[in-house]
Amino acid sequence: MENYIQELLNTEPVFWLLQFEGAAYLLTVFLVLYAAKLFYDLFTPFNVNEQLTEKDNKAVAVSFSGYMFGMLIILLGIFHEGSSGSPAVHEGIDLVRDLLDTLIWGVIGVILLNLARLINDRLILSRFSVIRELVEDRNVGTGAVLWGGYIGSALIIQAAISGESSGWLWDVAGSLLFFLIGQIGFIVYAKIYEWQTRFELHKELEADNVAAGAAFGLSLVAVGILLSGYLYLYDSLPGFLVWLVISWFVLAVSRYIVDKLILPGALLDEEISRDRNWGAALVEGSIAVGMALLIVPAFLA
C-alpha cells in the first residue's frame, strides 16, 4: 500500500514532461507535415488551399485528410523506432542526431506516400482521371478510395521502416522493397475485389457512388493492417508472399460473412451499387478492418 501511494505521488514524470526534448520533436513533426503539404501541392495539378477554403471541395478534403493522417502514422512509427520521448535521450543520446534521423525518415515517408498516390492513380483507379473526379466532379467516393489508399500505404511504410538498423543504404533499400511489394498487394487485391463483387468498381466510382468508395477505401486500410502486421515481425520474402495470399483470403471471407450473416435478406452488392447504401458499405469496411486487427495477432503473435 505504501509503495502504491509513493507511485501516485511520484513527481519524476513531471520533470520529464517539462523538458525541452518533447517540444523539439513536436517542432520536427510540424516541419515534416509542412514538407508533406509542399510535396502534395508539387505533385498535384491543383492548389489544395484553394480547393479546401475557397471551393469547399469535400472530395479533396477527404483525400487530403487521409494523406495527412497517413503522414502522422508514419511519424508515429519513426518515433517508436527512435529514442524520442524516452529517458535515454535525457541521459546523453545526441538529440540533434535523433531529430535529424526523424526529419530524414519523415521526408522519405513523404516521398513514399506520394509515390503510393501515383500508384493509386495509375494502377488501381486506372480507368478514369482521378484528378478530374476530385476537382471537377468533386467525387467523394473517389476521395474515400484515396483516403483508404493513403492510410493503408502509410501503415506499410511505417512497418517497412521499423526494425534494427543495418546501415542507411540497406535500411532505405529494404524499406523501398517492402513498400513496393505492399503496393503490388494493393493492386492485386483491387483486382480480387472487382472479381468478387457483382458490380464494376470503376463504373460505380465514376458515377459518384460514395458507398462503393467507402467500402473499398476501408478495405484498403484492412489490407494495410494485415501486411504491416507481418512486416513488423518478419523480413522473409517467401513468408510475406504467403501472408499476402492469406490476407486476400481473409478479406474475401470477411465480405462473404457480411453479405450472408451480418446483413441477411439483402445482397450487399445491390445495397452498394443500386441503393448506394453507404451504411451497408461502412458495415462491410468496418468488419474488414476489425477482422484484419484480429487476424494479425491470431496468426503472427
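Glycine too: its Cβ is placed from the backbone N, Cα and C atoms.
Keep in mind that what you see is a predicted model, and the values were worked out from it rather than measured.
What TrEMBL records for this protein:
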TRANSMEM  22-40  transmembrane segment
TRANSMEM  60-79  transmembrane segment
TRANSMEM  99-119  transmembrane segment
TRANSMEM  140-161  transmembrane segment
TRANSMEM  167-189  transmembrane segment
TRANSMEM  210-234  transmembrane segment
TRANSMEM  240-258  transmembrane segment
TRANSMEM  278-300  transmembrane segment
> When each of 60-79, 167-189, 240-258, 278-300 is checked against the transmembrane segment (210-234) for Cβ pairs under 8 Å, which one has the most?
Replying inline: 278-300
> For the transmembrane segment (60-79), which stretch among 22-40, 140-161, 167-189, 278-300 has the most Cβ pairs under 8 A?
Replying inline: 140-161
>> For the transmembrane segment (167-189), give me same-chain residues lying six or more residues beyond its boundaries with a C-beta closer than 8 angstroms to one of its C-beta atoms, as numbers and ranges.
In response: 108, 112, 115-116, 119-120, 123-124, 149, 152-153, 156-157, 159-161, 219-220, 223-224, 227-228, 231, 235, 237, 240, 244, 247-248, 251
> So which residues does the transmembrane segment (140-161) touch in its own chain, when a touch means Cβ under 8 Å and the partner is 6 or more beyond its ends?
Replying inline: 58-63, 65-67, 69-71, 73-74, 76-78, 81, 105, 108-109, 112-113, 116-117, 120, 124-125, 130, 133-134, 171, 174-176, 178-179, 182-183, 186, 204-205, 208-214, 216-225, 227-232
